[in-house]
Amino acid sequence: MAGVNGEKLKRLRAWVQNYEWGRSGAEAEVARLLALNTGAEIDPNKPYAEFWMGTHESGPNVLVEEEGEEEEEKEQQDVGLKEWIEKNPKVLGHKVLEKWGSDLPFLFKVLSVGKALSIQAHPDKELAKELHKMKPNLYKDANHKPEMALAITEFRALCGFITLQELKEVLEDVPEIVELVGTASAKQVMEIDERGGDTADKAKTALRSVFTQLMSASKEMTTKAISKLKSRLLLQSQLRSLTEKEELVLQLEKQYPGDIGVLSAFFFNYVKLKPGEALYLAANEPHAYLSGDCVECMATSDNVVRAGLTPKHRDIQTLCSMLTYNQGYPEILSGLALSPYITRYLPPFDEFEVDRCILPKGSSVVFPAIPGPSIFLAFVGEGKMKTGCWEGIVTEGDVVFEPANTELVITATTSELQLYRAGINSRFFHGQ
């Protein structure tokens with residue numbers, strides 16, 4: 001697979017994480033991609049959560065040599081992508097090398113979410129360094145992890161804190177939360193004048209106080225409050241329609257009985273993405289993915305600070321102290337149409353962007369040469385990939401690494417070819 005700069009496109013064997021929140025093999029996009037990409041046999045009852053494409057040591061990719069390669073190249077069948085890039089750093093392009101060194105600055109994934117992920121946030125660079133130094137077994141690297149989720153199916157998530165007005169309504173309507181945070185803290189929120197000049201600062205301080213008290217409540221008090229909440233909502237559901245958030249809270253209670261995350265869900269925006277919509281998450285912003293399949297891209301890191309909806313280690317103190325406590329509904333990206341076939345999603349982070357490409361049969365599209373590397377995932381269908389002097393077939397489940405400065409032409413040969421591409425954010429190269 002030779003590129004125009006003499007370097008080769010490389011097919012990759014991806015990595016899968018079987019976290020318990022994943023969808024079962026019978027229905028997970030992740031399991032389908034794994035079977036197509038590696039030939040692995042799928043257990044229909046096992047959870048398949050994340051399909052990783054990149055160089056992170058928790059899920060490293062391996063190069064797959066083409067049939068007909070030279071014998072000495074065949075001997076390198078199990079060369080890791082990270083190792084290969086370190087030996088061939090020019091595949092990244094000089095600007096990427098200067099900024100991030102000889103490694104991919106992004107990690108590309110597909111997620112199949114069967115049940116809610118933990119309420120979590122990702123540290124900024126400064127905090128990541130500190131956490132990695134203090135607890136390297138929990139925080140595996142020293143990098144930040146801004147990320148973006150692009151919906152493949154309808155995708156639901158909790159993301160960021162609700163507005164002050166909505167928070168007041170929660171404290172009026174959910175007595176079980178007031179029981180845990182205390183009437184004094186609740187009163188502090190209720191008495192903030194929304195027309196005051198320093199409202200935002202006061203709201204942030206009050207929200208931080210209420211949220212920290214809620215997350216720090218004892219297990220015994222939490223279990224009791226959730227039990228009361230559940231009984232109250234089930235009773236009320238016979239008299240009125242429950243709100244979407246109330247219905248969600250009952251679902252979460254079934255998945256994580258007695259977990260403080262059930263109550264804290266009231267504090268977050270409930271976001272439903274349609275296929276083709278994306279959500280980005282900056283450092284120190286709380287979120288929890290709830291259900292659906294998505295393509296995800298992030299800075300190369302696996303740092304997660306968890307505080308609810310999880311059987312894993314919780315670091316409530318770190319989470320409550322690191323959050324920004326910004327309030328309001330998150331920005332939803334619908335993408336920028338680059339052509340009739342390609343939509344680009346540009347988050348406000350240098351490390352990555354994602355393209356979604358849907359090609360009807362017989363149509364072709366050109367991905368121009370750019371000064372950084374890309375990873376392509378063939379999601380559905382089949383097509384031809386062509387660089388300067390090479391042509392090859394790409395089929396669903398294929399993952400391909402493209403070096404910097406390589407022009408690529410793709411043509412759909414089946415009724416529809418769906419591809420996703422991750423690369424360095426183009427604004428980084430244009431200095432915007």
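Numbering starts at 1 and runs along the chain as displayed.
From the backbone N, Cα and C atoms, a Cβ is placed for every residue, glycine too.
Predicted automatically and left uncurated, TrEMBL annotations should be read as such.
Fair warning: this is a prediction, and the values are worked out from it, not measured in the lab.
Per TrEMBL, the features are as follows:
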DOMAIN    10-161  domain 'Phosphomannose isomerase type I catalytic'
BINDING   Q120, H122, E147, H287  Zn(2+) binding site
DOMAIN    194-267  domain 'Phosphomannose isomerase type I helical insertion'
ACT_SITE  R306  active site
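Other than Q120, H122, E147, H287, the residues of this chain whose Cβ falls within 8 Å of the Cβ centroid of the Zn(2+) site are, in sequence order, A121, K145, L281, E285, P286, V304.
For the domain 'Phosphomannose isomerase type I helical insertion' (194-267), the number of residues in each DSSP class (helix H, G, I; strand E, B; coil) is 55 helix, 0 strand, 19 coil. The distance from the Cα of E147 (Zn(2+) binding site) to the Cα of R306 (active site) comes to 16 Å. H122 (Zn(2+) binding site): 25 other CB atoms within 10 A of its CB, across all protein chains. Comparing the Cα of the residue listed as 'active site' with the Cα of every entry in Q120, H122, H287, these being the binding-site residues, the smallest distance points to Q120. Non-local contacts of H287 (Zn(2+) binding site) by the CB criterion (under 8 A, 6+ apart in sequence, same chain) comprise I119, Q120, A121, A157, L158, C159, G160, F268, L281.
Residues belonging to the domain 'Phosphomannose isomerase type I catalytic' (10-161) score a mean pLDDT of 91 in the model. The residue listed as 'active site': 22 other CB atoms within 10 A of its CB, across all protein chains. Within 10 Å of the C-beta of E147 (Zn(2+) binding site) there are 25 other C-beta atoms, taking all protein chains into account. Within 10 Å of the Cβ of Q120 (Zn(2+) binding site) there are 24 other Cβ atoms, across all protein chains.
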